[in-house]
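According to TrEMBL, the protein has these features:
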| type | residues | note |
| --- | --- | --- |
| DOMAIN | 41-448 | domain 'Amino acid transporter transmembrane' |
| TRANSMEM | 71-94 | transmembrane segment |
| TRANSMEM | 134-154 | transmembrane segment |
| TRANSMEM | 187-204 | transmembrane segment |
| TRANSMEM | 211-232 | transmembrane segment |
| TRANSMEM | 252-271 | transmembrane segment |
| TRANSMEM | 283-305 | transmembrane segment |
| TRANSMEM | 363-386 | transmembrane segment |
| TRANSMEM | 392-419 | transmembrane segment |
| TRANSMEM | 431-450 | transmembrane segment |
Amino acid sequence: MSLLGRDFHSSLDDGSKSLLERNSNVTAENVHPAEEASGLSRMQTLIHLLKCNIGTGLLGLPLAMKNAGLLVGPISLLGIGVLTVHCMVILLNCAHHLSQRWQKTFVNYGEAMMYSLETCPNAWLRTHSAWGRYTVSFLLITTQLGFCSVYFMFMADNLQQMVEEAHMTSNNCQPRKFLVLAPILDIRFYMLTILPFLMLLVFIQNLKLLSIFSSLANITMLGSMALIFEYIVQEIPDPSNLPLMASWKTFLLFFGTAIFTFEGVGMVLPLKNQMRDPQQFPFVLYLGMSLVITLYICLGTLGYMKFGSSTQASITLNLPNCWPYQSVKLLYSIGIFFTYALQFHVPADIILPFAVSQVSERWTLFVDLSVRIALVCLTCVSAILIPRLDLVISFVGSVSSSALALIIPPLLELITFYPEDMSCATIAKDIMISILGLLGCVFGTYQALYELIQPIGHSVANATGEMDLTQVSTHTPQGMPFLVWDCFGGLLYL
């Protein structure tokens, strides 16, 4: 193996061991020796598990329900949730089995894939077993950078709406109408405005300090979620005019969004490893994911019932134009801003060790900061090139999240336990889950890409149906071009 190959292999090894732990904010770096000995309690593990699965994808679930239908949506989300939890259990069982076989104290996701390939009957797979870890690491990098790109769009969408509507904001919280506004600044300007602040944020490498921001993010997001539920449960319109089943094309977008929302698949192994009593983790997992799935279904269904055909890419964009609910957008955006740094540590922990190993010690700091800046700019450029929050969520979910959550775990179980006489039912089950995930990945990716290349007017018409322009406020200066908030949180020229 070449020197470059050895360095890259070692860097991935070091990075992959810490990337999941750092993302969960439960790391050896911020745990004191006494705490390491005692480990995490069941309550602490539950809180971390909930935190890992609640992000921007949650706010896009009402639109996902609209893409699936009022009946099909909740049932499908429940089914995807059950399959995801089952795949988490598969991952736990395989990692436990492989750690015992290889006499390791802890096996992460990438290592589990590599060790399973090293013991499989196929000689070619044994020879190329390291590529199993590389594949998982690549998917983790892609997924996390996709999350960060979505965070850019989410913050810019909400910031734009708050600024554009500031002169109309009042204390009277009436249901939102479509608002026609004079154009002020393109949404890409808001992304570029956020960019330098995120650059400074990712320079913070001390996770003890980031944990303070993480706690602040949790508080702001929890308060925002309470206000969102407080609003959507009031005066819900008659849902009888909402379709029970949407078209199959929009259902593919639902699949990607639903998979994107279950962000914590890669977190189960480090959380179990750091528990005081790891045997209790299955109970914590089932309890935590039951709460998460219930939250997802409730917010998605109630949000769709509340806003109907006007449902936007993020439910925050549907909230009334008054100061209490404008503060919800601000608080949740602040929470997402600080969460960006935690999600950013995942790809950084894989890429930085390899990049730094290629230069002398005097250039280490320069390369470290340069790579961080480049990764942040990459997520910003991605958001600028594709400023469609809902479609990017669906695309990231279909491409990489589906592979990590539904495709790889069943294949991992087949490779790990096949030499030990698996039952035919288990083999058939694993094959079916992987095929389902693969079909969702292929067709969901195709539909998201198809929608992305369509003209804005075409996509909006397909997503929202007819727009009642009689309800549009026209308080714009004479001669100014009209703009209306579309269902994706952008601005559509009229």
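Cβ coordinates are placed from backbone N, Cα and C, and glycine is handled just like the others.
The shown structure was predicted, so the numbers you read here are calculated from the model rather than taken from an experiment.
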Exercise. So which residues does the transmembrane segment (211-232) touch in its own chain, when a touch means Cβ under 8 Å and the partner is 6 or more beyond its ends?
Worked result: 25, 30, 51, 54, 173, 298-299, 302-303, 306, 315-316, 319-320, 324-325, 327-328, 331-332, 334-339, 341-342
Seminar exercise, completed: The answer for the transmembrane segment (283-305), taking Cβ pairs under 8 Å and residues 6+ beyond its ends, is 42, 45-46, 49-50, 53-54, 58-59, 61-66, 70, 73-74, 77-78, 81-82, 84-85, 88-89, 92, 228-229, 232-233, 236-237, 239, 242, 261-262, 268, 275, 311, 315, 318
Problem set entry | Beyond the flanks of the transmembrane segment (252-271) by 6 or more, those residues with Cβ under 8 Å of it | 20-21, 23-24, 26, 40, 45, 48-49, 52-53, 55, 57-58, 60-61, 63-65, 67-68, 73, 76-77, 80-81, 84, 87-88, 91-92, 95, 106-109, 112, 140, 147, 246, 281, 285, 292, 296, 390-391, 393-398, 401-402, 404-406, 409, 440, 443-448, 451
Exercise. Among 71-94, 134-154, 363-386, which stretch has the highest count of C-beta pairs below 8 Å with the transmembrane segment (392-419)?
Worked result: 134-154
Exercise. Looking only at residues six or more beyond either end of the transmembrane segment (363-386), which have a C-beta under 8 A from one in the stretch?
Worked result: 145, 148-153, 156, 188, 191-192, 194-195, 198-199, 202-203, 344, 347-348, 351-352, 355-356, 392, 452
Exercise. Taking a Cβ cut-off under 8 Å, which residues six or more beyond the ends of the transmembrane segment (134-154) line up next to it in the same chain?
Worked result: 12, 15-16, 19, 23, 55-57, 59, 109-110, 113, 191, 194, 198, 263, 266, 314, 333, 336-337, 339-340, 343-344, 346-347, 350-351, 375-376, 378-380, 382-383, 387-389, 392-393, 395-396, 399-401, 403-404, 408, 489
